[in-house]
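Undergrad: Submitted below is the structure of interest, expressed as structure tokens.
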Amino acid sequence: MASTATTVPTQDQVLVPETLLKKRKSQEQARAAAREEAAKKKAANKEKRAVIFKRAESYVQEYRNAEREKIRLARVARQEGNFYVPEEPKLIFVVRIKGINKIAPQPRKILQLLRLLQINNGTFVKLTKATQEMLTIINPYVAYGYPNLKSVRELIYKRGYGKIDKQRVALTDNQIIEEHLGKYGIVCMEDLIHEIYTVGPNFKQANNFLWPFKLSNPTGGFRTRKFKHYIQGGDTGNREENINALIRQMN
């Protein structure tokens, strides 16, 4: 009867499976860690969405309450035979409507300061005594007025870009806003809109984050006497609440 030959595995043959087992274990641990990280991220995102939704709801309530208060004060004033004088606006939207030719150094510098470098550029400006004086100087080159909530929201949602590392970046994700404005408590589009519209404590940071708006020529074009003041049948200068109609035409 032939004897059955037995072989002893070599050191290399023993070590290879051992190495593979360690590799498999390491890969499984990495996969488990990745699954755990993904689960944590999903839970954090869910929590963040809930916070954002709650904030958005509170802003809607705040805007409604402010509107109701205006109506109430106007009614009280009417009943008492007085005129209701609304609170002085704090927010201005400025659009440049004249080019670079024949602009004196001072208005040119102010246009640069307000980041209105090209025709149809628009920016939000906090209304102060200093900015009011600036607007008076650049009056022949811009149209401006008091934007309502609808205009602010539509501008930011439709034309809003962030200034990130000197680059113009579309605001396609709340994450972009949170990364750059989170330290100011601004983590989503509605936070950004609220900070701009109410001219909040971090208005400067929020406004500087926004790239100047690049608007289109208004539907139907400007008036024939474009460079005359608005009240003279032109387009320049302060048009107060009527800026909202121009924003709709250019947005």
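Cβ coordinates are placed from backbone N, Cα and C, and glycine is handled just like the others.
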Undergrad: Ranges 24-76, 183-235: which does TrEMBL label coiled coil?
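TA: Per TrEMBL, the stretch marked coiled coil is 24-76.
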Undergrad: What are the DSSP helix, strand and coil residue counts for the domain 'Large ribosomal subunit protein uL30-like ferredoxin-like fold' (92-142)?
TA: 21 helix, 12 strand, 18 coil
Undergrad: According to DSSP, how is the domain 'Large ribosomal subunit protein uL30 N-terminal eukaryotes' (16-87) divided among helix, strand and coil residues?
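TA: Secondary-structure breakdown of the domain 'Large ribosomal subunit protein uL30 N-terminal eukaryotes' (16-87): 64 helix, 0 strand, 8 coil.
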Undergrad: Give the mean pLDDT for the domain 'Large ribosomal subunit protein uL30 N-terminal eukaryotes' (16-87) on the 0 to 100 scale.
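TA: Mean pLDDT for the domain 'Large ribosomal subunit protein uL30 N-terminal eukaryotes' (16-87): 81.
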